[in-house]
Amino acid sequence: MLAMSHQTASSRLPEWARRTIGTASQVSTVEKIVKQRSLHTICEEGRCPNRAECYAQKTATFLLMGPVCTRACGFCQVAGGKALPLDPQEPEKVAEAVALLGLKYVVLTSVARDDLPDQGAGWFVRTMESIRARNCAVEIEVLTPDFRGEEACIATVVAARPVCFNHNIETVRRLQSYARRAATYARSLAVLAAVKRLDAEIFTKSGLMLGHGETREEVLETLLDLRKVGCDRVTLGQYLQPSKDHLPVHKYWTPAEFAELGAVARDLGFAHVRSGPLVRSSYHAGEPE
């Protein structure tokens, strides 16, 4: 049984964890293109603190297969419940949005779709094919659920050759059952290991959200475990409680602590590291280290 401290962080958000949502002029272009096509972004559904910055740069992370997840992890803003029917036009709509925004690097993610026979793996591929049909030079990163660990699903996405395959381990081993629903530490490591086994040339990536009660030593252990399965890239960010119904914040890690963890990650051999309070999975994903 998980032993958790009842101590939580102050309800007052530190200044360094605050960011403006931006002005209408900054976000209007991306919002218009996305909303006109009834598309979804994790920027909006996940209430990402960086969405104004990304929208101002005309970038977004597209959320495939609807805004409703078949899981309901305690930290996540995305709605959980009965998943919606797939929109057969979604892959082409995403491709059109990518073209209109002039994107050279695209991140595709999705809700968990445990209701689908292939967990949604084929939908990633269809969307990638639609994007490449318009511009084969676009680089595509995928941020996938764990596909219940089914290697056939992982192989389906790997065969489409994304430039980077991201699957987030989210938290340290001890806190998995506390923070994640229907997911495990070992399975997430196995997903990343499978990608490297299937195609060693594809970059693999994972991320952690700190603030659930983990210790520095546990974070370092997780970074080491990620490196053991060949993970190339990592993101470290601060968990921010979306609402009172979500898991509480147990600690606000400081910018200095994030900087130190980022330096440790680089020393461990991660080739691409993003570490800071407001860092999220696709933050500056297409930019060099």
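Residue numbers in this text run from 1 along the chain shown.
Just so you know, glycine gets a Cβ as well, placed from its N, Cα and C.
For reference, Swiss-Prot has these:
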type	residues	note
BINDING	CYS43, CYS48, CYS54, SER282	[4Fe-4S] cluster 1 binding site
BINDING	CYS69, CYS73, CYS76	[4Fe-4S] cluster 2 binding site
DOMAIN	55-271	domain 'Radical SAM core'
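Secondary structure at SER282 ([4Fe-4S] cluster 1 binding site), as computed by DSSP, is coil.
Mean predicted confidence for the domain 'Radical SAM core' (55-271): the pLDDT average there is 91.
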